[in-house]
Amino acid sequence: MNIRIKNGHLIDPKNNIDGRHDLFIMDGRVAAVGIAPADFVAQQVVDATNLVVAPGLIDLAARLREPGYEYKATLESEMNAAVAGGITILSCPPDTDPPLDEPGLVEMLKHRARELNKARVYPVGALTYGLKGVELTEMAELADAGCIAFSQADAAITDTRVLMRSMQYAATFGFSVWLRPQDSFLARDGVAHDGEVATRLGLPAIPVCAETIALATMLQLARETGVRLHVCRVSSADGVALVRAAKQQGMPITCDVSANHVHLSEMDIGFFDAHCHLVPPLRSLRDRDALRAGLLDGSIDAICSDHSPVDEDAKQLPFAEAEAGATGLELLLPLALKWARQERRPIADGLARITHQPAQILGLDAGHLSVGSIADVCVFDPDVFWQIKPAALSSQGKNTPFLGVELQGRVCYTLIRGQLVYQFQPKLSQ
Amino acid sequence: MNNPQLNKHGELQHLLSTEGLSASILFKILDKADSFLNVAEGREIKKLPLLHGISIFNIFFENSTRTRTTFEIAAKRLSADVVNLNISSSSASKGESLLDTVDNLCAMHADMFVVRHAQSGAAHLIARHVAPEIHVINAGDGRHAHPTQALLDMFTIRYYKKEFHNLRVAIVGDILHSRVARSQIHALTTLGVPEVRVIAPKTLLPGCVDKLGVRVFHDLAAGLRDVDVVMMLRLQNERMQGAILPSAQEYFKYYGLTQEKLALARSDAIVMHPGPMNRGVEIDSSVADGAQSVILPQVTFGIAVRMAVMSTLAGVG
């Protein structure tokens, strides 16, 4: 199938393209940018007048809730949400039930995802069995089954010897290890940042040192073992500073932040808004500003959705009892654009952090529109405002701190391997 | 951000916290409590018909005898119909969710809920959920707030000290886990107390306690010097676990209120405690039963204050 996306504003941050160019797609790949290849006959034309044509988005952390948590969301609902959010590649953390610690589970997930013919799914395998932090998983087997990296999701490894050996073993095969820094003792029972709001509301708190102590340990062990470390969901100013210093020393580490934390702080908890019960906790305004600055100076490489659909009943509880997490797939683009706009940066800078930069972390040649590359494309209206409300979201999870908020930028078309898999259709209810 | 306690006319719709309420709202409740106190003490008949026909549900997800009883007495003195539910021994143990329980009670035509729950924010959750004509009184939610306790404490202080603007008040003990302390601090600062002190070891203080507008002391003697009011907090025995405190003995030695320590305060200082007391842990019996103690009057005032809160919410009296 030959597709021409015409009259659009093409932004490809990796290739430094930012201008009015048509995009030509042939056999699922980018055939040309700007001028049609000889003998190109379009079988389908997408009119992108006033729209931005960008590489398909790449999300480093999307919980699809399968297997095990189908009452929260199903693979089908969340894969639909992904393409509605312009996301064409996503990686999912291993905290399913059972966790992704067996090759069979990974193969099943990949197979189910492939059948849906939507975004490409790259599972992150469990680093230890059952995410218990005791025994190593068969990482090489899991990698053969399709795992792209290994992580503990939100379960920390408390035993530092196990942590060191898991890194050594992963480094043996060149696998990267993704870890969210949080000391489980200091964070025990905590549900909010140890700051002004937790003090006022009487919420059990998680101090910043829970992040920095774990992060310092990880960095030291990564240096020791030579493993490729990816730091997930950094949440504090001090955390960003540690990452920045490590990068300045030449350590090959990467880092991501959740889109929620780029915009929100503890203040948004207000009077116990359980939608703001997130992991890691929303921290102070100063921390939020440091995360934004870290994205600007490259200390933080990528913004992820940290998509965690939660069923409504689980949020209708007192703050601490409410399940943590927010839906995010469909908010990733507008939140990344919002960051770029507020920082007075071009759209391309926002897109870089949700396209080719996360692709590099995944070790994939993706997130760009070079000639010959797989035609994963996101076409969006950068100007339109839309209100975040349950009916406007495809995800089964309707829980987000942004409910009721108007965000700017909405996906109009998503193409995967040169096939149109999503087209925005306004619903009557909107 | 809208204050969830006020209706669109700025009147008290729910009492969830002393935070965010104006001094005039607090003073009105105290004044009203004054009049109820006079009624209770001056007349033979202890009952007023103000809440006749109104159903008040005491829903306690956490055990309490004293607070529940004073709410019950207050409601009955106002002629309300009172239903007491100990949820910990019924629905919750059968797996019913908090809001399902509330919905069921609403279907029984409850007009007012008095709620105690172990989780911070539970009363806010219920207040957000119920129909606009229903009122919610927070009788203690987790570590967050216990506004009627704070109001009765303010009533007690005014009763003995007349004014707020010339006082030094010290709150002593487990601030970190205390909903009482948080509500007291907000009420005291709102009513114009120029110096509120908190006195505790660092393990019993929340991370940003200074942001609450208090002076922090770790030394009991220094903190008590020249204060007019000493408000003691209960120390739960479980604080000896989890590496918060080494022992009750050591706590008493350094933070327990004794006659000797109390002598550092002003000679006319009053001593308060929200109860139930741990004698010999946070307070010495000679102080608890001493001339400066107003602990039992606090309990009496608590009934008048709760009558005032209930009738204010119901818009009567």
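Just so you know, glycine gets a Cβ as well, placed from its N, Cα and C.
TrEMBL has this to say about the protein:
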- B:Arg66, B:Thr67, B:Arg116, B:His146, B:Gln149, B:Gly275, B:Pro276: carbamoyl phosphate binding site (BINDING)
- B:Lys94, B:Arg179, B:Arg234: L-aspartate binding site (BINDING)
- B:13-158: domain 'Aspartate/ornithine carbamoyltransferase carbamoyl-P binding' (DOMAIN)
- B:166-312: domain 'Aspartate/ornithine carbamoyltransferase Asp/Orn-binding' (DOMAIN)
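In terms of DSSP secondary structure, the domain 'Aspartate/ornithine carbamoyltransferase Asp/Orn-binding' (B:166-312) contains 62 helix, 24 strand, 61 coil.
In sequence order, the binding-site residues near chain A, meaning those of B:Arg66, B:Thr67, B:Arg116, B:Arg179, B:Gly275 whose CB lies under 8 Å from a CB of that chain, are B:Arg179. Note: the carbamoyl phosphate site is recorded as B:Arg66, B:Thr67, B:Arg116, B:His146, B:Gln149, B:Gly275, B:Pro276; in the same chain, B:Ser64, B:Ala139, B:Gly140, B:Val180, B:Pro274 also have Cβ atoms within 8 Å of that site's Cβ centroid. Each of the binding-site residues B:Thr67, B:Gln149 was scored by other CB atoms within 10 A of its CB, and the lowest score goes to B:Thr67. Within 10 Å of the C-beta atom of B:Gly275 (carbamoyl phosphate binding site) sit 16 other C-beta atoms, taking all shown protein chains into account.
B:Arg116 (carbamoyl phosphate binding site) has a Cβ environment of 26 other Cβ atoms inside 10 Å. The binding-site residues recorded for this entry are B:Arg66, B:Thr67, B:Arg116, B:His146, B:Gln149, and the Cα of B:His146 lies nearest to that of B:Arg179 (L-aspartate binding site). Spanning the residues B:Arg66, B:Thr67, B:Arg116, B:His146, B:Gln149, B:Gly275, B:Pro276 that the record associates with binding carbamoyl phosphate, the maximal Cα-Cα distance equals 16 Å.
For the pair formed by B:Arg234 (L-aspartate binding site) and B:His146 (carbamoyl phosphate binding site), distance between Cα atoms is given as 14 Å, rounded to the nearest Å. Minimal Cβ crowding within 10 Å, among the binding-site residues B:Arg66, B:Arg179, B:Arg234, is found at B:Arg66. Listed in sequence order, the residues of the same chain lying 6 or more apart from B:Pro276 (carbamoyl phosphate binding site) and placing their CB within less than 8 Å of its CB are B:Arg66, B:Arg234.
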